[in-house]
Amino acid sequence: MTAERLAPDARGIARAAQLLHAGRLVAFPTETVYGLGGNACDGRAVAAIFAAKARPAFNPLIVHFPDVDAVSAYAVLKGDALRLAQAFWPGPMTLVLPMRAGAGLSPLVTAGLSTVAIRVPDAALARALLTEADCPVAAPSANPSGRVSATTADHVLEHLGDRIDAVLDGGPCDVGVESTILQPGPDGTRLLRPGGLPAEAVEDCLGRPLLAPEVSERPTAPGALASHYAPKGRVRLNVEHPRDGETLLGFGPVACALNLSPAGDLVEAAANLFGHLHRLDAMGVTAIAVSPIPDHGLGRAINDRLARAAAPRG
Ligand code: TXA
Ligand code: MG
């Protein structure tokens, strides 16, 4: 597959929106960096984003909307969050907000968390695409894991051209560094990642200093957030034959309560992972056994997540 390079005109935008709607991956420019976009309500599209980035872990992704009004169906905006949204959106700011349950976002987008990172970018082309796509668009920076972020369509094509469907070419990004990530909370607003919006501007708006992230929340090690979702039940991995009292979370053609992918498809398994873990919780399961999952491609990220879930709890 070689990605289509789409022109920044009505035809290019329509094609990009059509691809996103069909669950395909489209890189597009925001004012910060190029994002690797997929429909945030389509678990397979979100899984495909992780596969394209070759991320060894599921880090929660930023979900993009065309305007502030579109956000409220998916997340709760009040207090500091509302003030910041009104002051700095559209712009290079991401807010981590309480998610509205049942709004339809894939649990993989948030790595199973109850909060969601949301951004309304300012770049006209990004907003035109988001308006036309008419779905929330999950987009991490459009670089393979461990590489620098892409600020031109050529950067994107060089590293991801054989793994995505299209790139909307809007020329170089203005800001060039990622968005500032903030998490408003009851005791103040935390700065989770410095970025394109200066912290001083945020503090001026709020009239008080930003709080440092909690040590466990520093997004230095991808997927290492302590708040990452873990199921309530005990987890045992690489299980062919579950013990009495264990509920099998299957992979491939096995008899089990819930199957990540009966066909043994890692993209399908990733898309189902967090939803199934939540379902096991809802079923009141106290001991989870997981079928062996191949440790390549998305299997590595699935196994990373399950290994954390299986680790002794503090
Ligand atoms: O400028 C940007 O922010 C670009 C453009 C494309 O919008 N996007 C971007 O995404 O940089 P990404 O995936 O590379 O970085 C997202 C960061 C990750 O460090 C992740 O840990 C954090 O956002 N994040 C996402 N959801 C979170 C949540 N619910 N709680 C805490 N951190 C979250
Ligand atoms: Mg990134």
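Backbone N, Cα and C define each Cβ position, glycine as well.
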According to TrEMBL, Thr32, His64, Ala139, Ser179 bind L-threonine, and the residue from Arg5, Arg11, Arg83, Arg119 that belongs to that same site is Arg119
Filtered by Cβ distance under 6 Å to ligand 1, the binding-site residues Arg55, Ser149, Ser179 reduce to Ser179
If you count the other CB atoms within 10 A of the CB of Tyr229 (ATP binding site), including all protein chains displayed, you should get 21
Its Cβ having more other Cβ atoms within 10 Å than any other among the binding-site residues Arg119, Arg193, the winner is Arg119
Among Thr32, His64, Arg119, Ala139, Ser179, the record's L-threonine-binding residues, the widest C-alpha separation in angstrom comes to 13
Longest inter-residue Cα distance for the ATP binders Arg55, Asn59, Thr115, Ser141, Ser149, Arg193, Tyr229, rounded to the nearest angstrom, is 27
Whole-Å Cα distance, Tyr229 (ATP binding site) to Ala139 (L-threonine binding site), is 20
The rounded CA-CA distance in Å from Ala139 (L-threonine binding site) to Arg55 (ATP binding site) is 13
